[in-house]
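Below is one structure, written out as structure tokens; the observations come after it.
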Amino acid sequence: MNISLLEGKKVVLLGQNVAKLEKLAQEYGEPAFRGRQIHEWLYQKGVRKLEEISVLPKLWRTTLSDQGVCTGRLEEVKRLVANDGTIKLLLETSDRESIEAVGIPTNSRLTTCVSSQVGCSMGCRFCATGKGGFQRSLEVHEIVDQVLSIREAFDRRPSHIVFMGMGEPLLNIESVLESISCLNNDLGIGQRRITVSTVGVVNTLPQLAELALAKLGRVQFTLALSLHAPNQHLREMLVPSAKVYPIQDLLSDCRHYLDITGRRISFEYILLATVNDKVEHAEELADLISGFQSHVNLIAYNPIDEEDYQRPSLARINRFMTVLQSRGVAVSLRASRGLDQDAACGQLRHQHTRLD
């Protein structure tokens with residue numbers, strides 16, 4: 001009998017590594033290779049239901065199902081396909097919460113944008129996710145499933161993973177790091193192709209560095225800090241959490257993170273027309289991050305309902321980039337994908353929730 005079941009804990013197969021699945025099999029009196037078979041069918045074949053793992057003895061499958069063991073796969077409730085090939089999925093959890101995952105294809109790569117929470121509590125003024133409120137953090141299998149679901153939608157393995165969907169990853173550090181371990185070791189996606197984005201949460205950056213080293217052995221994923229403003233006053237207007245986490249304290253923690261991990265930090269900066277996209281803002285930003293081993297990723301705003309912010313003109317975007325480049329800042333502009341299908345973070349869930 002499975003010890004975990006005797007303790008009354010829910011047993012979800014997705015998110016568990018080979019060793020844990022082998023142990024599970026042995027706790028039921030099955031040989032260890034049964035655990036390896038479950039692992040193969042979960043991660044390579046992408047099976048959704050336990051009864052579909054036909055290589056397992058039928059009696060054991062029935063026993064597992066009767067005792068509440070499940071794969072942990074989520075249900076796809078809606079799919080949007082943009083003209084550029086971007087696919088956004090609305091997935092439903094076992095407790096009927098909705099989360100989003102987005103697949104962004106190019107010729108050579110498939111980037112999957114995953115959510116770490118149901119909703120978000122950070123309240124960034126320009127973001128649709130917070131409009132629907134915060135419900136809870138996601139479990140490991142719910143994060144990993146998003147990658148498998150995008151793989152199914154495109155019939156190819158995602159090459160890159162970005163934790164830039166719904167939620168604040170650093171408010172769910174344990175599950176995020178465990179899911180990174182699973183994506184790396186069980187799905188074969190290299191850490192260097194994984195990015196974790198944060199708006200900044202007090203005391204979490206040093207914790208992230210230390211926990212990542214403990215759980216992953218080494219830190220190779222990229223940390224992306226969603227800065228969005230070059231000074232404290234403007235950041236407080238756009239990112240309410242900045243009121244309790246001053247920008248200089250945030251950057252000090254970034255330096256500490258860099259010292260521990262040795263990994264370059266990427267700064268995310270969403271451009272809002274006439275709000276934070278002026279020449280003086282670009283100059284301030286260059287001053288603010290001088291001395292960092294960093295890269296600035298500019299994001300042209302995707303308009304959402306209920307907010308008056310606008311997307312800057314291409315001329316204003318190019319001017320902002322030129323100022324940064326003239327100051328020696330490594331900068332890129334994220335290509336806007338899925339604009340015709342509400343691909344901005346949180347839009348699909350927000351609309352679905354309002355309809356319900």
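Cβ coordinates are placed from backbone N, Cα and C, and glycine is handled just like the others.
Copied over from Swiss-Prot:
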type	residues	note
ACT_SITE	GLU100	active site, proton acceptor
ACT_SITE	CYS345	active site, S-methylcysteine intermediate
BINDING	CYS120, CYS124, CYS127	[4Fe-4S] cluster binding site
BINDING	GLY167, GLU168, SER197, SER226, LEU227, HIS228, ASN302	S-adenosyl-L-methionine binding site
DOMAIN	106-340	domain 'Radical SAM core'
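Sequence features annotated in Swiss-Prot and their locations in the structure.
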residue : record                               : DSSP class
GLU100  : active site, proton acceptor         : strand
CYS120  : [4Fe-4S] cluster binding site        : coil
GLY167  : S-adenosyl-L-methionine binding site : coil
SER197  : S-adenosyl-L-methionine binding site : strand
SER226  : S-adenosyl-L-methionine binding site : strand
ASN302  : S-adenosyl-L-methionine binding site : coil
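With LEU227 (S-adenosyl-L-methionine binding site) as the anchor, the candidate recorded positions are GLU100, CYS120, CYS124, CYS127, and the one with the nearest CA is CYS124.
Spanning the residues GLY167, GLU168, SER197, SER226, LEU227, HIS228, ASN302 that the record associates with binding S-adenosyl-L-methionine, the maximal Cα-Cα distance equals 19 Å.
Looking only at Cα atoms, GLU168 (S-adenosyl-L-methionine binding site) sits nearest to CYS120 among the recorded positions GLU100, CYS120, CYS124, CYS127.
For HIS228 (S-adenosyl-L-methionine binding site), the same-chain residues 6+ apart in sequence whose C-beta sits under 8 angstroms from its C-beta are CYS124, PHE126, VAL199, ARG235, LEU238, VAL239, GLU268, TYR269, ILE270, ASN276. Looking at SER197 (S-adenosyl-L-methionine binding site) and GLU100 (active site, proton acceptor), their Cα atoms lie 16 Å from each other.
Measuring Cα to Cα from CYS120 ([4Fe-4S] cluster binding site), the recorded positions that fall within 10 Å are GLY167, out of GLU100, GLY167, ASN302. When the binding-site residues GLY167, SER226, ASN302 are ranked by how far their Cα is from the Cα of the residue listed as 'active site, proton acceptor', GLY167 comes first. Between the C-alpha atoms of CYS127 ([4Fe-4S] cluster binding site) and SER226 (S-adenosyl-L-methionine binding site), the distance comes to 12 Å.
Each of the recorded positions GLU100, GLU168 was scored by the number of other CB atoms within 10 A of its CB, and the lowest score belongs to GLU168. If you average pLDDT over the domain 'Radical SAM core' (106-340) in this model, you get 95. Note on ASN302 (S-adenosyl-L-methionine binding site): other Cβ atoms within 10 Å of its Cβ, all shown chains, come to 20.
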